[in-house]
């Protein structure tokens, strides 16, 4: 009952509870589907908890959820029990020309190919994307015979032909505009019995062939894709054009044709949602990629945590300016600026910050993260001797640093925890794990600017000048545990240390930094009820 302790994460960074041989939404293994599990009370062989080794296996074939980016295993505190989990490689098969595309940038531009051989039957399919209200997709002519597909209006696609019995036209009308710069699929078929046209998932339009008359489509001209005979041309993109099972190489032909460009732009409009965690979708002529450089994540979709295990005494410092940079140069070279123009303060004073990271540890006290400055200002996230999380701000104007204490949860329990802190002026929002965000407000006397940030520390604070007494005391033993996906505004210090980038020169490390996911992934088990939650406080 309830959600399992173990799951896997797929393409869109979503959790999935089904396993090989099963399907989406079914919390069963293959034996549960086939009803041949070792113990009929369970839906997976391994759930039987027998002393003998059992196995659950199968293929994950729902491609919208693939690839598998991580497997999360819980319920580990079980002495005498062991398990092995393995994930095989992703094997892809299908149409390698799916993204073969061309962009038509003028109304007179077109591509030409050899005559279409569709005398008895024709099967034509393609995708198109446009903001124009009309245009010819393709046309092939004979003496009197012809075949043509066109966008007649913003809501109409037409399939017309003549095999010698007079012109025939089939029109599909859409209730919504088709010139919305989104991909739409067209499939047109013709044989000696009938002809049909379908657009997207709209109803199929069918026209029966006459019982008598001509049946052969006799064409002589070249096949024109995009425009023909001075007609209004198609403006937009066509991809994956298949005619009687053959994919036409639009890209190769477009490379040598004026007014036509290989590939398509606008993939990000349709697929940019898969670039997660602030990743930026980048257009490519044959698809798209996700730019994760401004995030603390890695991987093709910016969903892979970048983390490391810190041994006692180890620390990392990220300088907000390059070595040897003068204070005068910092104004134009700061790395602290975010996409929000308000964060790009001309004197390097921050009115807002966004901080997020994940950690796990069993030792306290410790300092998880510390941001120093060229002034007494600082920000710190620490775990106190009782294992409770504490956020500290010192922005000036108060006798003591402002503290946010989370004193009813043990954060040094070896479990992964996530911390998200957002400050905008005097307002602070803190979110831990899956719990709802909590709002706090700096005292009225407190300054709201973080003046002249200098460096960010992980693991231990090694800074010159006066340091807050509690920060120094908690920092002395050093942090032991895992830190992952650390991000401060647009800075990802762990990623800068573990991935060669332009920001790597800003990093200084004491000790050996070893990359590891080490369990510091988001804690996503849903909250327990008040009756079973050991952290629940009675009112």
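Each Cβ is built from the backbone N, Cα and C atoms, and glycine gets one as well.
For 237-264, the entry in TrEMBL reads disulfide bond. What TrEMBL lists as domain 'Laminin G' is 100-264, 332-518. Look at TrEMBL and you will find 265-303 tagged as domain 'EGF-like'.
Counting other CB atoms no more than 10 Å from each candidate's CB, the disulfide-bonded residues 237, 264 peak at 264. The secondary structure of residue 237 (disulfide bond), as reduced to three states from DSSP, is extended strand.
Secondary structure at residue 264 (disulfide bond), taken from DSSP and collapsed to helix, strand or coil, is coil.
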